[in-house]
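What TrEMBL says about this protein:
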DOMAIN    11-41  domain 'F-box'
DOMAIN    114-233  domain 'F-box/LRR-repeat protein 15-like leucin rich repeat'
DOMAIN    293-422  domain 'F-box/LRR-repeat protein 15-like leucin rich repeat'
DOMAIN    424-511  domain 'F-box/LRR-repeat protein 15-like leucin rich repeat'
Amino acid sequence: MRGFDWINTVLPDELMLQIFRQLESRESREACSLVCKRWLSLERLSRESIYISTDAHIKLLSQLFVNVVKVTISGRTYLINQLALDGESVSEENGIRKCCFSDSVLAAVGDGFTKLENLRLMCFPDAIHVGLISIAEKCKLLKSLELEGCRVDDEALAAIGKYCSRLEDIILRDCLGLTDNGLVQLAIGCGRTLKSLDVASYESLTDVALEAVGFHCSSLETLSLFSRFIHNEGLLSVALGCRLLKSLKLHCENMTGEALQAVGSFCLLLEFLSLYRCYKLTDRSLCAIGKGCKKLKKLSLEYCLLLSDMGLDSVAIGCRELVHLNINGCNNIATDGLKSIGKACTGLSKLDLLHMRFQQIENDALCEIHIGFKYLQSLHLGYCSGIGDKVLCGIARGCRNLKELHIRGSLEVGNEGIISIGQNCKFLRDLVLDFCHRVGDSGIIAIARGCPQLNHLSLTGLQNLGDKGMVALGEGCMVLETCDISFCPCITEAGVTTLITSCPTLKKVLVEERKVSPRTKRRAHHLFKYVWTIE
């Protein structure tokens with residue numbers, strides 16, 4: 001029947017709400033809300049998250065969006081908006097002065113959004129303990145709390161622990177005023193339900209707080225710590241008390257191997273381990289992890305200078321389920337450790353090697369990849385000495401399922417290795433060859449002809465890449481979406497124009513503005529993102 005509104009007549013509100021919740025983009029939701037008054041009302045009911053940058057309309061927002069369960073408040077945006085309205089310039093001095101409104105903002109949120117489950121606060125350098133206490137008292141359903149760059153005190157954290165009995169996730173990053181006592185009170189109050197704790201406090205957090213976490217938070221599954229005053233006692237307590245731990249991230253430069261040995265002995269469900277700048281850890285720590293943590297799937301070692309091939313051998317033997325290995329700046333790990341991983345961890349799908357110093361790598365370790373790593377899908381090689389065409393040819397022949405290859409700053413990789421990648425890795429979607437100066441047109445032509453599924457390409461700083469490569473990309477990469485060709489001196493205005501006109505799916509191109517003709521700017525101005533250059 002022409003002109004009859006079947007949708008509003010037949011479909012009930014519950015079904016319409018489910019349809020609105022399936023819309024991912026904000027633009028689509030807002031467009032639908034403009035169809036009619038009923039759709040506007042239903043779209044408001046379907047909203048579950050909201051971003052607030054000013055307190056001017058919080059009461060009205062809470063009345064319009066009654067089902068919101070996630071609220072994000074940025075104090076930085078709020079400061080800038082208020083200063084702009086007052087006609088003041090934004091500076092550190094007057095910015096801090098304007099932060100006195102923080103407590104009123106939080107009080108209004110607590111009064112209005114009674115169904116709140118997830119609260120994120122960013123950049124409130126003035127004390128907000130009164131507002132946090134108000135939130136804790138009124139939002140009893142709170143499950144997740146994130147405070148970043150905020151000033152908090154022990155009283156506020158104690159109130160959160162006392163009233164928010166359902167709290168599961170807590171993130172405290174760069175919070176001024178944070179002390180051991182506050183975290184102890186929080187652990188006592190929320191310990192029964194707490195599953196995830198992320199604390200970054202370089203100067204104030206010590207073993208005292210961690211001992212409380214280990215004693216009270218037996219359900220903890222995820223723990224992230226950043227503090228230079230943590231030694232061994234705190235993590236020993238966590239290892240003994242938090243047997244369900246699955247994810248552990250440590251940036252504790254004064255912690256020794258004894259603590260990590262306890263983790264290997266008691267945290268048998270561990271799946272993710274990240275060690276960053278833990279300078280005092282030795283191979284004995286990794287040996288304990290290899291013996292105990294059989295379910296480990298992801299291991300990240302960054303700037304742990306005492307770890308060597310011996311520790312990695314133990315991980316390879318014991319952690320056969322490993323799928324992601326990241327090694328960054330661990331200069332004592334070299335050929336033997338990688339060979340062990342290649343032979344034992346055949347299910348590895350992602351390997352990141354950054355800032356490594358290999359001596360005989362061409363004839364040794366990475367050549368093992370094409371033997372053991374048949375299922376490797378992502379490989380990152382950043383600023384590693386000793387990686388050349390021979391290694392890359394072996395990778396190309398053995399790792400034919402590669403979808404992501406990032407090589408940065410390699411002075412030994414040239415066209416031969418890249419041609420082999422183009423001939424063998426047909427499923428490649430993401431390729432980065434930044435500052436690999438020996439790579440030129442012939443290598444990129446092979447990629448264009450052999451990798452039709454390529455979506456993302458970064459070729460920053462290739463001195464020998466010219467317009468021939470751009471022509472080949474335009475002819476072969478029909479699904480290319482992003483391309484970075486900045487600081488490639490041999491690429492001219494004609495090459496950029498050819499690339500733009502030939503790739504119908506391009507969404508972003510990073511290039512110097514002087515290489516884009518006026519006509520190309522008019523036709524495709526939305527695609528370009530320009531880099532700064534000094535003429």
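Glycine residues also receive a Cβ, built from the backbone N, Cα and C atoms like all the rest.
In the domain 'F-box/LRR-repeat protein 15-like leucin rich repeat' (114-233), the DSSP tally of helix, strand and coil residues is 42 helix, 36 strand, 42 coil. Note: the domain 'F-box/LRR-repeat protein 15-like leucin rich repeat' (424-511) comprises 31 helix, 16 strand, 41 coil (DSSP; helix = H, G, I, strand = E, B). Under DSSP, the residues of the domain 'F-box/LRR-repeat protein 15-like leucin rich repeat' (293-422) split into helix, strand and coil as follows: 48 helix, 28 strand, 54 coil.
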